[in-house]
């Protein structure tokens with residue numbers, strides 16, 4: 001029997017504890033789980049890609065079957081095919097997330113009917129955490145330690161020093 005391989009993607013700008021929870025839970029469902037950082041090289045992100053990747057790798061270091069990869073200018077289904085992933089993992093906080101994700105699921109299925117999308121609901125304590133919310137708190141000098149993994153906090157602090 002072949003390995004079950006999943007792919008969970010996002011911009012992770014920055015990664016939140018909600019992302020971490022979904023990844024930890026998804027890692028138990030698959031033999032291998034790729035976490036794909038998708039970024040636009042023509043758009044200035046909050047954290048540079050290198051910092052995001054390093055922070056994610058540290059935050060996920062305890063998960064032996066998880067590997068962080070980065071991609072740009074590529075469709076998610078093409079990355080999944082390249083990595084041998086037959087499952088896309090998506091986290092849902094609310095009905096708006098489901099509606100947003102459903103349109104991507106439609107197109108992904110049209111492009112590759114072999115790839116299934118699996119939705120994991122956010123835990124109640126993570127329902128209102130978002131990367132954009134964390135960025136907004138940071139903009140106004142607020143503490144975000146309860147919203148992001150320690151390794152991400154370190155990357156943000158290091159980036160602010162520069």
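From the backbone N, Cα and C atoms, a Cβ is placed for every residue, glycine too.
Under the heading ATP binding site, Swiss-Prot lists 11, 12, 19, 91, 92, 93, 101, 126, 127, 128, 129, 130, 131, 132. Listed in sequence order, 10, 11, 12, 13, 14, 15, 16, 46 are the same-chain residues at least 6 apart in sequence whose CB falls under 8 Å from the CB of residue 131 (ATP binding site).
Taking the Cβ of residue 76 (substrate binding site) as reference, residues of its chain lying under 8 Å away and at least six apart in sequence are, in sequence order, 7, 9, 36, 38, 88, 104, 108. Taken from Swiss-Prot, the feature substrate binding site applies to 11, 43, 76, 90.
The site 'Transition state stabilizer' annotation in Swiss-Prot covers 19 and is backed by sequence analysis. The 10 Å shell around the Cβ of residue 19 (ATP binding site) contains 26 further Cβ atoms across the protein chains shown.
Least packed by the Cβ count within 10 Å, out of the binding-site residues 92, 127, 129, is 127. Spacing of residue 19 (ATP binding site) relative to residue 90 (substrate binding site) is 10 Å (Cα to Cα, whole number). Largest Cα to Cα distance within the recorded ATP binders 11, 12, 19, 91, 92, 93, 101, 126, 127, 128, 129, 130, 131, 132: about 18 Å as a whole number.
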